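J.: In case it helps, Swiss-Prot gives these features for our protein:
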BINDING   78, 103, 130, 131, 132, 133, 134, 135, 136, 137, 138, 203  5-phospho-alpha-D-ribose 1-diphosphate binding site
BINDING   197, 202, 203, 204  uracil binding site
């Protein structure tokens, strides 16, 4: 597994405003959207392309286009939905699948409650959208779900990550014969006793959409 922390002043600027507890939900959604687009630029450096011949107003030339099968973008519900538009801005022709996962706040274990994905993901590059890589349980379960269906290349885009979550991913994905890359805006200090990232930005889903009881 490879972890890439994006070092860019605009990324740091937007992340700082996301962290601020005074940032309201509409502003938080806009900043998250902008930040994901910046992260997506780094995350798609290995996106597969194929050659294509085109004719410019001056002469014929050879360029590239996204290879088939097209990439699959998979937001983890619900907070991952807040990252979808920012990702699709760079990959408008990608397919979108959905994976609903929930974390038990007592055991910190993740379980799947909904999915809308192709049955066969053989040969597919998958981009998983999960704003907070905290304990790592949700993302590990999502990656296993995708690889069980044949995905052969997975990149996860996270607004924030914690060292404990990355360590758990390394452990749970050990022996997995599929390249996995984590792209994040920051590696924070630690998790607290409730499994939240410190200093973090709070609950991403609540801050995106408001608290739903």
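Glycine residues also receive a Cβ, built from the backbone N, Cα and C atoms like all the rest.
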J.: Taking Cα atoms as reference points, which of the binding-site residues 130, 132, 134, 138 is nearest to residue 197 (uracil binding site)?
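T.: Minimum Cα distance from residue 197 (uracil binding site) across 130, 132, 134, 138 lands on 134.
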J.: Show which residues of the chain containing residue 78 (5-phospho-alpha-D-ribose 1-diphosphate binding site), separated from it by at least 6 in sequence, have their CB under 8 Å from its CB.
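T.: Residues satisfying the criterion: 100, 205, 209.
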J.: Rank the binding-site residues 130, 203 by the number of other Cβ atoms within 10 Å of each Cβ, and give the residue at the low end.
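T.: Across 130, 203, these binding-site residues, the one with fewest Cβ atoms within 10 Å is 203.
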J.: Ten-angstrom check, please: count other Cβ atoms within 10 Å of the Cβ of residue 134 (5-phospho-alpha-D-ribose 1-diphosphate binding site), all chains counted.
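T.: Result for residue 134 (5-phospho-alpha-D-ribose 1-diphosphate binding site): 28 neighbouring Cβ atoms inside 10 Å.
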J.: Sort the binding-site residues 130, 132, 134, 136, 138 by C-alpha distance from residue 203 (uracil binding site) and give me just the closest.
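T.: For residue 203 (uracil binding site), the spatially nearest of the binding-site residues is 132.
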J.: Provide, as an integer number of angstrom, the distance between the C-alpha atoms of residue 130 (5-phospho-alpha-D-ribose 1-diphosphate binding site) and residue 202 (uracil binding site).
T.: 14
J.: Identify, among the binding-site residues 136, 202, the residue whose Cβ has the fewest other Cβ atoms within 10 Å in this structure.
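T.: Looking at the binding-site residues 136, 202, the Cβ with the fewest others within 10 Å is that of 202.
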